[in-house]
Amino acid sequence: MGCRALLLLSFLLLGAATTIPPRLKTLGSPHLSASPTPDPAVARKYSVLYFEQKVDHFGFADMRTFKQRYLVADKHWQRNGGSILFYTGNEGDIVWFCNNTGFMWDVAEELKAMLVFAEHRYYGESLPFGQDSFKDSQHLNFLTSEQALADFAELIRHLEKTIPGAQGQPVIAIGGSYGGMLAAWFRMKYPHIVVGALAASAPIWQLDGMVPCGEFMKIVTNDFRKSGPYCSESIRKSWNVIDKLSGSGSGLQSLTNILHLCSPLTSEKIPTLKGWIAETWVNLAMVNYPYACNFLQPLPAWPIKEVCQYLKNPNVSDTVLLQNIFQALSVYYNYSGQAACLNISQTTTSSLGSMGWSFQACTEMVMPFCTNGIDDMFEPFLWDLEKYSNDCFNQWGVKPRPHWMTTMYGGKNISSHSNIIFSNGELDPWSGGGVTRDITDTLVAINIHDGAHHLDLRAHNAFDPSSVLLSRLLEVKHMKKWILDFYSNIQ
């Protein structure tokens, strides 16, 4: 399962802030080139189907519809005593998530499960207005988590009616990152449709100021600090060195040469350069996996440790420090050694839709981020909701409603719900906005000591640490109980 699929939440660079205020870039957002091509060795067998959904589930006058894509794999499904594992698609092409959520495929036989992967509206092929879907805010008005959850509910009802044996089977929602948030909210809003949910790396408390805005970047910094004694200090010092050199034409040329950039730097590009570097450190924290895998380029096991091999001394000369930064960046962008230069427009992956997530980040999904340069290794950046709101209005003609998600889903007041697993990797910066303590006996937290961004949803690997192996066993244990309780209650 390629690492490319797992940056499910990145950042929305509205403006030129170098410390990356939220853009949960769409995970899809990241801009690679074309849609991802799965590794043939892990390609999955499934049927591609479409279901006609209402554009607006919450009004009666709008009769427009669109086709939602979904994937079904039923190799291990049993009509008697089986279950349905339902992936709540997030901000990207559903085929990508299908091919990169190996956990579901690994447990399908044990749970006698049909696998269903539902594409999120406005992503992949599930475009309500075709090529006009992102034309303006009027066309994007139906891109909300509430509408997406209603799509999932309607699709499950359709499956129960049209697949013999599906009706009367327990459905479990599974998702990671934004998809994990949706899985949790799906169980909260539609408990009569799904018996439980696995919400992996789901930062449901990153919203509405429920956690300190600097928590995310502190965790990123701690990942680097733990991987090398002077690693984070070297990165922190690099910002001033970049500023110093960018003040002259010769300095800009030196920066271009030392960092082996594909195009010459100008003073106007310095914020872009800094944002690109900062985003690289963030992405490394999310994909800090215990085995080698393929992201933009091949990545080694524990890539931050590899990065920190080059960042051992912050007190070297400016030129040497930048040369070390280049070597560190090359771990992420050129580990294979095949790239002739580094392109600062290249970030994460392209299979996710940046335009769709950009709109969501400007409406419902408002996640405050900040840095102070003391508790973290980034330049100071203050969260400014007014500026953020104005930037959103300039881009989309809408202003965010930062408190709406708390109103809709309860914020931290969710103890009345049940049967939700919140799993978080302690290395994952999104864990700062996740549920990391049990709320009740049935709202449980599983913390993965050596886990990065939803490592537990990845396919089994011989190099998996014991912490993720245990987490998966616990997750399956809870699911089996939900399934058993379901069948016990209908007898």
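Just so you know, glycine gets a Cβ as well, placed from its N, Cα and C.
Of the listed cysteines (C231, C370, C392), only C231 is recorded by Swiss-Prot as the disulfide partner of C308. Of the listed residues C362, C370, C362 is the one Swiss-Prot pairs with C392, by disulfide bond. Disulfide connectivity taken from Swiss-Prot links C341 to one of C262, C293, C370, namely C262. As annotated in Swiss-Prot, C213 shares a disulfide bond with C370, one of the listed residues C3, C370. Comparing C392 (disulfide bond) with D428 (active site, charge relay system), their Cα atoms are 27 Å apart once rounded. There are 20 other CB atoms within 10 A of the CB of C213 (disulfide bond), with all protein chains counted. Reduced to three states, the DSSP call for C231 (disulfide bond) is helix. Just so you know, the Cβ of C341 (disulfide bond) picks up 12 other Cβ atoms within 10 Å once every protein chain is counted. For the pair N343 (N-linked glycosylation site) and C213 (disulfide bond), the C-alpha distance works out to 30 angstrom.
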